[in-house]
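**Q** Here you go, one structure.
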Amino acid sequence: MDAKARNCLLQHREALEKDIKTSYIMDHMISDGFLTISEEEKVRNEPTQQQRAAMLIKMILKKDNDSYVSFYNALLHEGYKDLAALLHDGIPVVSSSSGKDSVSGITSYVRTVLCEGGVPQRPVVFVTRKKLVNAIQQKLSKLKGEPGWVTIHGMAGCGKSVLAAEAVRDHSLLEGCFPGGVHWVSVGKQDKSGLLMKLQNLCTRLDQDESFSQRLPLNIEEAKDRLRILMLRKHPRSLLILDDVWDSWVLKAFDSQCQILLTTRDKSVTDSVMGPKYVVPVESSLGKEKGLEILSLFVNMKKADLPEQAHSIIKECKGSPLVVSLIGALLRDFPNRWEYYLKQLQNKQFKRIRKSSSYDYEALDEAMSISVEMLREDIKDYYTDLSILQKDVKVPTKVLCILWDMETEEVEDILQEFVNKSLLFCDRNGKSFRYYLHDLQVDFLTEKNCSQLQDLHKKIITQFQRYHQPHTLSPDQEDCMYWYNFLAYHMASAKMHKELCALMFSLDWIKAKTELVGPAHLIHEFVEYRHILDEKDCAVSENFQEFLSLNGHLLGRQPFPNIVQLGLCEPETSEVYQQAKLQAKQEVDNGMLYLEWINKKNITNLSRLVVRPHTDAVYHACFSEDGQRIASCGADKTLQVFKAETGEKLLEIKAHEDEVLCCAFSTDDRFIATCSVDKKVKIWNSMTGELVHTYDEHSEQVNCCHFTNSSHHLLLATGSSDCFLKLWDLNQKECRNTMFGHTNSVNHCRFSPDDKLLASCSADGTLKLWDATSANERKSINVKQFFLNLEDPQEDMEVIVKCCSWSADGARIMVAAKNKIFLWNTDSRSKVADCRGHLSWVHGVMFSPDGSSFLTSSDDQTIRLWETKKVCKNSAVMLKQEVDVVFQENEVMVLAVDHIRRLQLINGRTGQIDYLTEAQVSCCCLSPHLQYIAFGDENGAIEILELVNNRIFQSRFQHKKTVWHIQFTADEKTLISSSDDAEIQVWNWQLDKCIFLRGHQETVKDFRLLKNSRLLSWSFDGTVKVWNIITGNKEKDFVCHQGTVLSCDISHDATKFSSTSADKTAKIWNVSNGELLHLCAPLSEEGAATHGGWVTDLCFSPDGKMLISAGGYIKWWNVVTGESSQTFYTNGTNLKKIHVSPDFKTYVTVDNLGILYILQTLE
C-alpha cells in the first residue's frame, strides 16, 4: 500500500473504529475479492463492534492499494460518506482502467447511482451469468431513451432479481442510457392499499426535497400522476426497476411514460400497457456447471476439486439458485458434511411441510429444514420469530430490537448469521438496515410453525405495548411506518380481538395513522378485519368505516384537518361523534374552539342501504328479476350474490383471472353472466355457482353484459374495449351479431324493456340506441355537452359515459358519467334529475324491476340502494346561497330561496319551514324584528313585503342592474341596497326618500352597516370606502387589493379593519394608518389557497381577538397571531357569505349543494 494511503488510514483510524459496522463493509470487500472468508471469521470472533473494526483496519493496512479502494467504496455504499471523505485524499492510483475495481469492474459512479436508487447488492456468493446479463443490457439499450418495457421472466427463485441488479451494474450503460439514475421498487403480490403504499414510498424517494408536493398522494390515480411528473421533470432519462410483478393491473399504476425494467413469473403482465416491449426469458434452473460454481465459491475450492457428492447435490437441488445457496452456506460452516447433506436431500429426512405450493420446488423444504436445523441452538428461536413477517415487507432493525428486547448491535449480529446462511436478506441503503425473507422462506416458516403463529404474533404485540403507545408513534422513529402498517395485522393474527377493536375504534389512532399515510390503508383494514370488528359492535365498525370513507378527501390534506371537528359532524348516535364530543369538551376547557352542527339532523341520507361485499372497487351490481337478490362484481375478481333487503351473502365465486367488470341476471334468474379484463364472458348457475358457458371472441377486455328481458329467446349482449357490441345465443357456441359505430370503448349496454332496442354508452362521450333485430343505430345522445353547460366548462374535458339503465316503462333512461348520475326522458332527451352521493367514480347504475329504487356501484367500495322518488324530489329543493339571518335570543331565523323560487322562513333550531311567496330574486333580507322581508331582482327592482298582512311596497328608485345585497337599518325604516351599477341606495321607504352613494367604479357586491350611521362598502374595483348614510358623504377610501374586494369588516373598537379578495387572501389592517398587520390566507407551498378558493366573507368577534372567514370552507383566526384556530369543512364548497350572531357563538351559511349549516360553538 502506498505510504500516502497508509498514513491516511492510520490518521483516521480512531474515527473509523468508533463508527463502522464491519459486517456489511466485509460483504463488499469479500465480493470484490480483497477479503477472504477466513479473515472475515477472524474479525467476527472479536467480542465488541469497536474491536471488530480495529481488526479489519489492521488487516487492510497489510494489504495493497486495491484493498484501500475497495474499503473506501464500501464506506460510500454503506452511507459512511463522512468517513469516506476522510480517506478520499489518500486514494492511491490503481492499475485497473476507467477507475474500476480490479475485480468487480464497478466504478464509484456506479456504486453511488445504485446505492441512491436502492438497488440490492450482489449476494455474498455471486456467480456471473454473462449471457443473460448481456441480453438484458442489449434490450435496455434498445429503449434509446424512449418509454418502454424490458421484462425478465422465469419461475420464482431462478435469480431474476440478481440478474436485473447485475444488468445495471455497468458504467457505460448507466452513463449512456440512464443518466437520470436507477430506481428499484420491490413490488410483490399487492392489493390496492399495498400498491398505494409502494407508490407513496417511491414518490417520497423521488421527491426528497418535497419540491413538488408536501403531502403523499391519496389514491393510486393521484400517485400515478405524481410519479409521471417526477420521472419526467426531476428524473428524466432514468430507469425504473419493478421487481417481482404479479398482476397486470399493478403494472398500469407505473405506466408513466418512462423506461421500465421488470421481473415477473408471468410475461403476459405487460399485455395491458402500451409502448415498445422486450422480453428476456430466464431458464427455470441453473445448469450443472453454474451450480457447481456456486458451491465452489461457498466452500472456497476450485470446481475441479469438489468431491463427487457435489454433482449429486446439484441434481437434488433441481438447479434452484436459492436451494443451492442454502446448501452451500451450510457446507461453508461444515465443509466435511457433503455426504450427510446429500443423504438428507435424497432420503427426504425432513418431510415435506407444504402439501401444495405455488412454487414447484421439491428440494426447497429439505434445504430449508437442514439450514434451520444447523443453526446454533441459541439463535434458532429467533429465526422462528420471523414466521410472522409478511411477504415483500422489509422490516427495520428497530422492530426486531423491540421484539427481542435487545440492543441494535446484538440484533444485527444475529441477523447477519441468518444472512450469511442465505436464510434472510438485507436491504442496506445508507445507515438504514431492513431485513426480509424470500417468498419461499415465508411459506416454509408459516407452514412449519403454523401451530405457534398466534403466540408469535401475540409476542410482538406484547413487546410493542412495552415500548410504545399506538397514537404517540413519531414519524421520525425508524420503526414508525412498520407499526402503522402492520400493528392491526399482528393483533388480528394473534386473535387479540379486544385489543384490535380498541385500536381500530380509537379516534386517536385514526388521526395518527391518516395524518401520516392517508385513509386508504385504514379503510382496507376495516374491510379486512370486519369479521372481527363486527363481533364487538357491527354499528360501531360501520360508523368508523363510513367516517373514513366520507372524509377521505380531507384526511390527507396539509395542514391536516382537526379530526375531532370532523367527528362532531357525524350523527349523534355514531361512536365517532361520541368520542369526538368527549375529546372536544376536554379541549374546550383548555381554550380550544369547536363547532356543533346543530341542524345536521335535517340533512337526510338518500341511500336506503349501503353494503361493502368486496375488498376493492365495485364495478357493477344488478338486481335479480324478482328483486330479492343482488349480484355484484369488481376488482377483487369475484362474483358476489347477496340478499337485497339485508345484504346477507348468498354466494361468492372466484369468477375470472382478472378484474370482473360486469354481471347480469337472466330473466328467469337461472343464470348470471360475467365479463372481465381477461377478454372472456362466462355464464354461471345463479344458485349453485357452477360454470355453464365460456365465450372468448372479443379481442380486448369485455366491459359489459346484459340479457334480453324475455326468456322465450334468451340473448346476451356484450360490449368491449375493441369498440364492438356482440349478441350471443346461449344455445350456440359462436357470436350471433356484431354492432359497430362507437369510436371508443363500449362501457355499458342495456336492452329496452320490450327488447326492441339496445342502449350502449361509450368512452367517446355518447349514448347510442340500436335496433336489436337489425343491429342498426337508431339514436345518439351527446352526454359530454351537458357537462360543458355546467359552471366552469372545459372544452377539452374528457367525459366517459360509464353506464345506463332503462325504467320499467321504457320512458326514461339513467346514465352515469364522472361522479354524477343523470335521469333522461328518452323521447324529449331532457334531464329529469341528478344525484350525488358516491365519493368516487360511479361504475354502475340499475333500476329495480318495479322502478321504485335503483342501485349504484362505485370505486369507493360501496353499493348504494336509492329510492327513485326521494332522489328526484330531493334534487329539486336545494337552497340558493343568497340567504339572510336574524338572531333573536335563542332563536335563529333564516330567510332563504330554494331552486323553485320559493321564499321560505326557516327556524334554525327546530327546522320548521314557513313558505312565504314565490319570487325571482337575486337577494333577500329580514328586518331585525321579523316584521318585513325585502328582496331585489336581476332587473334592479326592490320590493318590501309586510309579513303580517302581505302588503307590498315597491321602490321607485330602481337600480339599473342586478341588486346584489339589501339590508334594513336597526329601526327598520331604511333599506340599503347595492348593485352591479356601482351604486349604493339608502332608501327611507316609509318617507319614500333616497340618498345615492356614488364613488365606486365597478360592481358593489356587498356592504356592512357600522355604528354611528356609517357604512362600509367594497367593490370589484379593489377599493374599500366608508360612508355617512345620513349625509351621503364619503369619509374614507382604502386601496386594499389588486383584484376584486369580496368582503370587509371593522372590529368593534374600530382599530382593525379586514379585507378579502379574489387574489385568495384575507388581510388585517390598522385603521388609523392603513398599515398591513396580518396576511391570513397566503398561498400554500403547493399553490392552492389555504381557504380552498376565494375568501368571500369575514367578520370580527366583538372583542376583536378573533376573525371568521368563509371561502371553500369556514375558518376561525386568531387576530393577534394571524394563525388559524379551527376549520369547518362543509359538504359542498364555494361559500358566499357567513352570518354571525352578536355574541359570536352561532354561525350560518349555505354551500353550493344547497345545504344549510347552523353552527354553534361548543361550551
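The backbone N, Cα and C atoms fix where each Cβ goes, and this holds for glycine too.
Fair warning: this is a prediction, and the values are worked out from it, not measured in the lab.
Marked as domain 'CARD' by TrEMBL: 1-90. Marked as repeat 'WD' by TrEMBL: 611-652, 653-694, 695-738, 739-780, 835-867, 956-988, 997-1037, 1038-1079.
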**Q** Please give the sequence-distant neighbours of the repeat 'WD' (653-694): residues at least 6 beyond its ends with Cβ less than 8 Å from one of its Cβ atoms.
**A** 248-249, 272, 619-626, 629, 631-635, 637-641, 700-711, 714, 716, 718, 720, 728, 730, 748, 844
**Q** Can you name the far-off residues of the same chain, 6+ from the ends of the repeat 'WD' (611-652), with a Cβ under 8 Å from a Cβ of it?
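**A** Those are 191-192, 249, 524, 527-528, 530, 545, 658-669, 672, 674, 676, 684, 686-687, 689, 704, 803, 843-844, 846, 848-850, 855-859, 861-863, 865, in sequence order.
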**Q** Using DSSP, break the repeat 'WD' (739-780) down into helix, strand and coil residues and give each count.
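**A** Going by DSSP assignments, the repeat 'WD' (739-780) contains 0 helix, 24 strand, 18 coil.
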**Q** So which residues does the repeat 'WD' (695-738) touch in its own chain, when a touch means Cβ under 8 Å and the partner is 6 or more beyond its ends?
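**A** Distant contacts of the repeat 'WD' (695-738): 620, 658, 661-668, 671, 673-683, 744-751, 753-755, 758, 760, 762, 770, 772, 775, 803.
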**Q** As a quick check of your reading of DSSP, tell me how many residues in the domain 'CARD' (1-90) are helical, how many are strand and how many are coil.
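**A** The counts are 69 helix, 0 strand, 21 coil.
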**Q** What is the pLDDT of the repeat 'WD' (695-738) when averaged and given as a whole number?
**A** 89
**Q** When secondary structure is assigned with DSSP, how many helix, strand and coil residues does the repeat 'WD' (695-738) contain?
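**A** Residue counts in helix, strand and coil order: 0 helix, 23 strand, 21 coil.
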**Q** Report the DSSP secondary-structure composition of the repeat 'WD' (997-1037) as helix, strand and coil residue counts.
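**A** DSSP classes over the repeat 'WD' (997-1037) add up to 0 helix, 21 strand, 20 coil.
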